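Presented below is the structure to which this report refers.
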Amino acid sequence: MSQRVTTAPQPSLIARYRELISIAGPTFVLTAALARLPLAMSQLGTLLLVSGVTGSYAAGGISAGALAVANAVGSPTAGWLTDRLGQRWVLLISSLVGGTALIGLVLAARSGSDWPVLAAIAGLAGFFLPQIGSLARVRWPLLISGRDFEPLPRRRRVETAFSYEGTADEASFMIGPAAVGLAAALLSPAGALLLAGVMIMTFGSWFALHPTAALTKPDLRVDAPARGRLLSAPLGMLIVGLLFMGMIFGSVQTGSTVLATAAGQPGLTGGLHALLGLGSVIAGLTLPLLPEKYALPKRYRAFALAMALLSLPLLWVDRISQLPLLLIALGLSVAPYMITIFTIAERISDHRRLGMVMTVLAATIGVGYASGSSLAGRLADLGGHHLAYAVTAGAAVAAAVFSIFGERLLTRTTGQAPVSTPSAPGPSDAASDNVAAADDPIRPGAARTAGTSRPAARVTATASSPPVGVSSVRSRAATRGRSLCGCDWCQL
């Protein structure tokens, strides 16, 4: 008689997110959510402030662009530093300098400084404003490290964490511009930018001093510096994929702006763009429910194809009333596409360089946004919103084609195969075990065979040991001769 094999019941979506909060602590989730808002507020706030004091939209656009471009350069630089020094001091300095620069921009604008000076200060602010979402993604694999037991393996917990982070990023870029508009209406554009400066100084510093930042110190993660090339062919493919994603963001906003302005309702632009984020948030939160048998490279291709198909109807839009449902539908593919790319990047990257990898990916979206917005704006001058949306559809189709050719390479790199229904130990079990070892955050790429133990140098939690969280951070620090008092300052 054959023995029937049963599997442990899978936790609900709410239970998975509750577990994340219990792993990292509620203050981690709260501070990371609030600290990422200032970056989403600063670009629009700079545009409104500089345009208002100079009377020139060109000056405002150049200043906002300087902030965005500087952030695309500064974020990977900060990521590179966090990989070598840990996040605490780098993030603390970035938050304080970035917030001070935003406040300085307001003071300079009020004092009547010329717009080139304002653009330079905006660039300084952009260079130092931290990518909180990217740095939070670096902490999650370290927090979840060692939780490779039922009912969810470690990699599924990381996927859930990255789903949350992608959703939080999307929500921030919905709430941030809305907060700027509200603050500008109640106070002034200067008040909106002051609010952003105070928020990043407060919550960015809080996030920097959070006990989980101690996990990112190099001496707590690795025994040797990372070697080899940072940019591999699979990672380069993911970077290009996010470049197309940024172009979609920029061109959609431009096309919606042109259409709303032509209809005499320019005030609807922000709300229309928020609908794209609404669909994205809904899909991002529910992504962890996708069965594990759908391997990451296949998800990447599927979401890219869906994004291409859902972008095509925008080419035939003639009225604002046609946009809401189309933008929500397009958004349903956006967050899953981005979350999958970030998850693959975490899976294939050396975790001793994960800070730079995540910030480069996030910066690429910003570069794509600027490129897509600029190209769509030029084409809109020639043919209206239809040509602007043509950039959206073109970028989405290009992303889909790219994903088709890249799926095989990513499959080889991640080592993933569809997960079969559990029956008896076999090759699939060994493959799954090797994947778990390959994405080991302490020793990436260290393969092991089924049934063998993990490398002895790795400090992790198991089913019978306390979870890796804030208390574990302090215990690690204590074993290395640090203070036992438990305060954040002693762990600096």
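Using the three backbone atoms N, Cα and C, a Cβ is placed for every residue, glycine included.
Automatic, uncurated: that is what TrEMBL annotation is.
Copied over from TrEMBL, here are the features:
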COMPBIAS  428-439  compositional bias 'Low complexity'
COMPBIAS  461-474  compositional bias 'Low complexity'
REGION    415-474  region 'Disordered'
TRANSMEM  20-39  transmembrane segment
TRANSMEM  46-69  transmembrane segment
TRANSMEM  89-108  transmembrane segment
TRANSMEM  115-133  transmembrane segment
TRANSMEM  182-209  transmembrane segment
TRANSMEM  230-252  transmembrane segment
TRANSMEM  272-290  transmembrane segment
TRANSMEM  302-317  transmembrane segment
TRANSMEM  323-345  transmembrane segment
TRANSMEM  357-380  transmembrane segment
TRANSMEM  386-405  transmembrane segment
Segment proximity, the transmembrane segment (323-345) to the transmembrane segment (115-133), 3 or more C-beta pairs under 8 Å: no
Recorded stretch, among 46-69, 230-252, 272-290, 302-317, 357-380, maximising Cβ pairs under 8 Å relative to the transmembrane segment (386-405): 302-317
Contact between the transmembrane segment (182-209) and the transmembrane segment (20-39) (at least 3 Cβ pairs under 8 Å, separation 6+): yes
Cβ contacts under 8 Å made by the transmembrane segment (302-317) with residues that lie 6+ beyond its boundaries: 241, 248, 252, 255, 259, 294, 323, 326, 329-330, 332-334, 336-337, 340, 385-386, 389-390, 392-393, 396-397, 399-400, 402-404
Of 46-69, 89-108, 230-252, 357-380, whichever stretch has the most CB pairs under 8 A to the transmembrane segment (323-345): 230-252
Residue numbers, six or more beyond the limits of the transmembrane segment (357-380), whose CB comes under 8 Å of its CB atoms: 65, 68-69, 71-73, 75-76, 78-79, 131, 133-135, 137-138, 230, 235, 238-239, 242-251, 253-255, 258, 338, 341-342, 345-346, 349, 387-392, 395
Long-range neighbours of the transmembrane segment (89-108), counting only residues six or more past its ends (CB under 8 A): 35, 38, 42, 45-46, 49, 78, 81-82, 117-118, 121-122, 124-125, 127-130, 135, 190, 193-194, 196-201, 204-205, 207-209, 213, 492
